[in-house]
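Q: Pulled these features from TrEMBL for this protein:
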TRANSMEM  B:12-34  transmembrane segment
TRANSMEM  B:46-68  transmembrane segment
TRANSMEM  B:97-123  transmembrane segment
TRANSMEM  B:143-165  transmembrane segment
TRANSMEM  B:177-197  transmembrane segment
TRANSMEM  B:243-268  transmembrane segment
Amino acid sequence: MRNIVEIKGLSKSYFNKKALNNLALNIEEGKVVGILGPNGSGKTTLIKILTGILRETKGEVLIDGHEPGVYTKSIVSYLPDRNFLYNWMTIQDALSFYKDFYKDFNEKRAYELLDFMKLKRDMKVTSLSKGMTEKLNLTLVLSRNAKLYILDEPIAGVDPVARDQILDAIINNYNENSSMIITTHLVRDMENIFDDVVFLREGEVYLTGNAETLREEKGMQIDELYKEIFGE
Amino acid sequence: MGKYIKYEIKGSYKVILGILAIVLIASTVIQVNVRTGGFDGSRFPLVAFLFSLTIFGTFLTAFLFIVGSFRKELYEDRGYLTFTLPLTGNQIVGGKLIVAIMWFIVLGFVTLLYNIFLAKILFDIYLPFKEMFDVFNTFSKEAITFIITAFIGGVITLILIYFSMALSRVSIRNKKIGGLWFIIFLILNALVAYFNVKINGLIPYYLNLNTLEITHLKGLEYLPNITMNMNGASITMGTGEGAFIGIAGMIYNLVVGIVAFLGTGYIIENKIDL
């Protein structure tokens, strides 16, 4: 199977601190990959490099055969771990914005998802609660027919009801020709949707593999494995 | 880039309209006050003075708002949306620049025209529009040169401000130091002006815009000159003799503007670390 993401010898240093250290990783097309690790393990740094808003110190990153840039931004649908929409926007403005900038935006799906998330189009983005903001951001990101989805901590800080709704939306709207990278430290809630998992520790890949195979080999759930690796 | 401009306008027009409303109300108060308080200049009313300050303050706010919108992209979470759009760095800087220029022109022209027409109504002043345009025609080349030079100077200043902001963002990583961009801007501006003077001194040829002749500085020394260096060009205006532009300085300034623009685009496309 073809790789949608190819990473070789990737390092990122901040002064004397290494956020990523000679990381190598390939992600196959059509897979949902969980990048797992505690805070400070390099998850967000890796994702920022993939989305073109952070530069590597060393190494090579290719997405669909291209270095991060204008082309990769047009095929990657990115959910950052923060409120990234402009403050003046209503939900409708945000939808129009996505429609204008991304050719792969599916407006019909966006309206269906808004209904599913119980969000109204005339709401201002500044008036939304944390859970609602997360749902709106996810609606926008999942409404694109992107080749690669990158979701950074999609369920962090939202209540359990919203969490289930968000997970359902991810499962129902994911299309099999696309790939998805999800970072999380809430492994138990998300482990069932991963095909592959990558455990990151201090900027390096500690363990990687097919989620099901790992469960069989180690005789435990991914969540338990996570605790074993990082719980020392 | 058109779409980006559209959303830039959408995001800022309410503030600009608010600023315009304040300026127009303040202008009206000043003019009405002068009308009722005496027009002989002996006692310029305090109210008018205070409202003049209000207008100045409002324009300053507008300037900081418009220029600061670029800085917000670099330091606030909205950058995660802007810098992941499938746009080049030049398209983003270009869009910001065009909208900024547009707002400055709108604010300037609306304020000017409103005040002229209000003065005409309140004071029943005869506005010699025809004569004004005749005068404009007589000195048209000087006037047009002046306007174009001021415009280019303004645009280059804006580009240098954006460039300074982008430089300050990548120079000290992840540290937000409030006025750093302004210090960088002052230094850059001083350097640009210094080399402009030097270059005009080294190659002292001026273009006469009336005759399109190129003259050495020595040929202009008889003129009662007003020489201005407006960051856009070295321009020399002799009364009735036409306008002279320092050729080397003008080319140099255009090059500085283009380099700073491309530099800003390059930084936000290739060097930004959010």
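Note that Cβ sites are derived from N, Cα and C of the backbone, with glycine treated the same way.
Mind running through what each feature is packed against?
A: Long-range contacts of the transmembrane segment (B:12-34) within the same chain: residues 44-45, 47-48, 51-52, 54-55, 58-59, 61-62, 65-66, 69, 99, 103, 106-107, 110-111, 114-115, 118-119, 122, each at least 6 residues beyond the stretch ends and with a Cβ under 8 Å from a Cβ of the stretch.
Residues 12, 15-16, 19, 22-23, 26-27, 29-30, 33-34, 37, 99-100, 103-104, 107, 111, 158, 161 of the same chain sit 6 or more residues outside the transmembrane segment (B:46-68) yet have a Cβ under 8 Å from a Cβ within it.
Remote same-chain residues near the transmembrane segment (B:177-197) are listed as 71, 157, 160-161, 163-165, 167-168, 171, 229, 231, 234, 249, 252-253, 256, 260 (criterion: CB distance under 8 Å, separation of at least six residues from the stretch ends).
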Q: List, by number or range, the same-chain residues at least 6 past the transmembrane segment (B:97-123) whose CB is under 8 A from its CB atoms?
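A: Result: 5, 8-9, 12, 16, 19-20, 23-24, 27-28, 31-32, 35, 39, 55, 59, 62-63, 66-67, 69, 154-155, 158-159, 162, 261.
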